[in-house]
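To keep things clear, I will list the structure first and then write my remarks on it.
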Amino acid sequence: MEPLQRKSELDFQSYRKMPLAQQRTQRLKPTSPEELHDLICVGFGPASLAIAIALHDALDPCLNKCAPTSGWQPKVAFLERQKQFAWHSGMLVPGSRMQISFIKDLATLRDPRSSFTFLNYLHQKDRLIHFTNLSTFLPARMEFEDYMRWCANQFSDVVTYGEEVIEVLPGKSSPDSPVVDYFTVLSRNVETGEISSRSARKVVLALGGTAKLPAELPQDPRIMHSSKYCTALPNLLKDNNEPYNIAVLGSGQSAAEIFHDLQKRYPNSRTSLIMRDTAMRPSDDSPFVNEVFNPERTDKFYNLSAAERERSLKADKATNYSVVRLELIEEIYHDMYLQRVKNPDETQWQHRILPSRKITRVEHYGPNKRMRVHVRAVKDGKDSLIGDGKEVLEVDALMVATGYNRNAHEQLLSKVQYLRPATQDRWTPSRDYRVDLDRSKVSAGAGIWLQGSNEQTHGLSDSLLSVLATRGGEMVESIFGEQLESAAVPDTRFRAML
């Protein structure tokens, strides 16, 4: 064996024996806040985490034969408002499972050789064989969140938690520069209130959703969004054996899960599920329909006309919006049936479903200091009455499961709106998620990307986990493609062996 080849094999074996965490920290290194970054990601949820993983893998010589081994190092930072990594912590309902296959993790569909796959997580946790014995593709939601936290922990050197980004400002390398060539990201420490400033040529906004609450609901600490169910409700209703009255508003998966879980969490309570629809409807996750979440469908959707996109979103609505997994519907129906066996009068049931209803008014204080929720029966989504049409519920808490808004980026980008093309009055992402900017005002090396807020242009899967692995790779190519290519090392026998 030639000396070079022997040394290469030894280097390779040495690399393979390194702890996984050590391998990863070599890929992305911390950058001083005072330095100009290549990239700042605002938010460090699953979308940004998928970008971090894809960038790590692009720099890994075991996965990318042309990965730079020395010289260029990306200067990246991730800013996250939460104090630690968390994914829908308020909806980690006991017993809840994922609604997608674990194969749609943060890496597998992009490159199953990645060390960030769900299967490797199980291997590292010494649970792979035990998980296999479950014979399921749908892990517990709690376990999948732990998987993502395990991934996130490998990037602690480049993530700053407890930093809420408040503004993105334009920046010029010199006062005389005719164009903006970087952006300044201002953030506030959530504990101290201290304002920090970082600059980057490229900025990704991956902010996630913000709670959507119906306008007719007043502000009251006893009215809370479903995203706070597991974290805030236990602080409000502290005695699990107390006979509380609790109402849930909504007809989707979150509403159904909360309604079902309340009956176990507070066994002596009375619960009501209020919905405008006539019944809970099952989600359609059949194989052909489920192809709407295939990564390649993003290309097809993006190339549709605006009218065709609208029709497509409407046709695919049953896969994600205001629908419930059939197994849960059947379990809830069984519980309702057992109540019917005991008493045919539904108005006397401990747990009730109120379909074709809407909340018209909420009084803060009624008898026993409970809220008075005024409910009105509707027909076909209109205000026409059914029967007497009115009912008043006295409740200790109202859980609102009415979805999320995904427009938080608009406020953060208000100071750079003038950089949009004159013909556009909104932020318009291209296929690679980079928003259109007036290039007479912004240099080619500077840009802004949006994640999770592009359903109207990129399809139903834009805010979901299904495409994150593939999209993470697309984002790295869009943001760092030229730098990776220019820093690439030509193939050697060592690289060929890998």
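Even glycines carry a Cβ here, placed using N, Cα and C.
Among the features that Swiss-Prot reports, FAD binding site is placed at GLU80, ARG81, GLN82, LYS83, GLN84, PHE85, ALA86, TRP87, HIS88, GLN99, VAL165, SER463, LEU464, LEU465, with the record citing similarity to another entry. The secondary structure of VAL165 (FAD binding site), as reduced to three states from DSSP, is extended strand. All chains included, 23 other C-beta atoms sit within 10 angstroms of the C-beta of VAL165 (FAD binding site).
Taken from Swiss-Prot, the feature substrate binding site applies to LYS104, ASN290, GLU291, VAL292, PHE293, ASN320, SER466, supported by similarity to another entry. Mapped onto three states, the DSSP output places SER466 (substrate binding site) in coil.
As annotated by Swiss-Prot, NADP(+) binding site applies to SER251, GLY252, GLN253, SER254, ARG276, ASN320, TYR321, SER322. When other Cβ atoms within 10 Å of the Cβ of SER251 (NADP(+) binding site) are tallied across all protein chains shown, the result is 25.
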**Message:** Applying a 10 Å Cβ distance cut-off over all chains shown, what neighbour count does GLU291 (substrate binding site) have?
**Reply:** 10
**Request:** Starting from the Cβ of LEU464 (FAD binding site), draw a 10 Å sphere and report how many other Cβ atoms land inside it.
**Result:** 18
**Prompt:** Given the binding-site residues GLN82, SER254, ASN320, SER322, which one's Cβ is surrounded by the fewest other Cβ atoms within 10 Å?
**Reply:** GLN82
**Asked** Within 10 Å of the Cβ of SER466 (substrate binding site), how many other Cβ atoms can be counted across all chains shown?
**Response** 22
**Asked** Which one of these binding-site residues has the most other Cβ atoms within 10 Å of its own Cβ: ALA86, VAL292?
**Response** VAL292
**Fill in**
Under a three-state DSSP reduction, the secondary structure at GLY252 (NADP(+) binding site) is coil
**Fill in**
As a whole number of Å, the Cα atom of ALA86 (FAD binding site) is distant from the Cα atom of TYR321 (NADP(+) binding site) by 23
